Amino acid sequence: MKFEDLLLEIGGFGRFQILILFILCLPRINLPMHFLLHNFLAATPSHHCAIPHQEAFVNLTVEEVLLISMPREPDGTFRSCEMFSQPQFHLLLKSSLQPENNSIIQHCQHGWVYDHSQFTSTIATQWDLVCEQRGLNQVTATFFFIGVTMGAVVFGYLSDRFGRKAMLLLSLVCSVIFGMLSTASVSYSMLAITRTLTGVVLSGTSLITLPLGMEWVDIQHRTFSGILSSIFWSIGNMLLAMVAYLVREWHWLLVAVTGPCLLSAACLWWVPESAWWLIANGKVKQAHRHLLRCARMNGRKDFAVSPEEDVPLTTYAQRVVLQWNYKKPGESYSYISLFRTPVLQKISLCSGAVWFGVAFSYYGMSMNLTGFGLNMYLSQFVFGIIEIPAKMIVYVLVNQIGRRQSQAWALILTGLCIGANVIIPKSFTSLRSVVAIMGKGFSEAGFTTVFLYTSELYPTVLRQNGMGYTSFVARLGGALAPLVFLLDEVWRCLPEVTYCGVAGCCGLVAFLLPETLNVHLPEGIEDIE
């Protein structure tokens, strides 16, 4: 007797499951609005060195003042991080003649002037995170993902120890608290700390929502449930583009993307704890109460029960409790358990590599909104839209060719698209945009598959630990992805080559994982071995 048999008895995909899935999709909408917020929160508008004593140039136009004060790049644009130590008035006569003496060129001495036509303010303009401080701007995203990485470990353990629902509620409430503290930041250090803590608690939301929904759904609708949850991530992607377009000031932008967490927390009142987790932890009476509620809501009135404590639950429930190899009270599992047996060890190592490759390439593409010739708001919106058909295709493929093939080829094709844009000249903006959008679609297909795939690879007693571990590795990839952009100072194409290579190699590793198509979810470690 398997737990799935009990789910079929009470209705494996009825009104009860649909209600739970849609409620759990609300926090999924909010996740990308924080995970990809760096694109707009830390956007760097056009800027140049502030010019002192401009009152001395009242007879000159703005263009002429810049001409005598700023050196130019080979393409004719003014440099953002350098200025002349003294005005070069002779350039007014022959602007194409640039000084050959570099000794008169110096770094900005009086701050910067920013173009506010697109952004009222960002953290880059707030604390001058440009030029020599550009690295601090990029590392803001890394701080957030370091927090997500730590949260994956913490919430993976806590949700297995104290339950899915309680930890999801804690995650959402703390997200509101730390999100609002971020808006009140008076220094870059305070922002870095609060964004890191926001990452920690949001990791719980990312980690728990999918397994909590999946553990209430029968095996036939598992794939559909995973895809549905993933589609709401894409909706959040598109909403971020619209919210960022309407809110151009970074403090209010943070408020706008944090507020919805309150609504998600309030809606959790209707979501029950996972009956699967309750039985696995010996809380049979509480599980019985939720199963009865599910049966009634799904119209399965033949699921008869007795309220007396000493009467068996039902014939089916009793057999599940007695025969299912659930985790006995007092028996504990940790992340070390993921590496104790040969098959689990192989699964953990390979799935960790796949998650790293998926996250590394996904966030590498998602945080390069200006690199393909489109407006950044349009890029964000289009990148969100393309994810939806990608998920639909994944829904078909994972049930036709299997999880393993879908996962491997999604990563390999992502790498090929990134690599193609290294070769395609920048003047071919339309072609580069099409290839980038295709790559984003493949990347999202990989992300959608890996969430579903991983939840099926690990047994129930280790599922949240497994999701926590793989999410930890993925967030390492997410944390490193924005820093790779700094490699363009070594070679302009090095970031893209890095993303391409990692995606391709990790795609090959996916071929080493076992197939889980139409296989019952493993319940104990012995089922894996």
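Cβ from N, Cα, C; glycine included.
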12-31, 472-491 - the one TrEMBL records as transmembrane segment:
12-31
Identify the transmembrane segment range according to TrEMBL, selecting from 192-212, 444-464, 507-527.
192-212
Highest-contact recorded stretch vs the transmembrane segment (224-246), from 12-31, 139-159, 166-186, 252-271, 377-398, CB pairs under 8 Å:
377-398
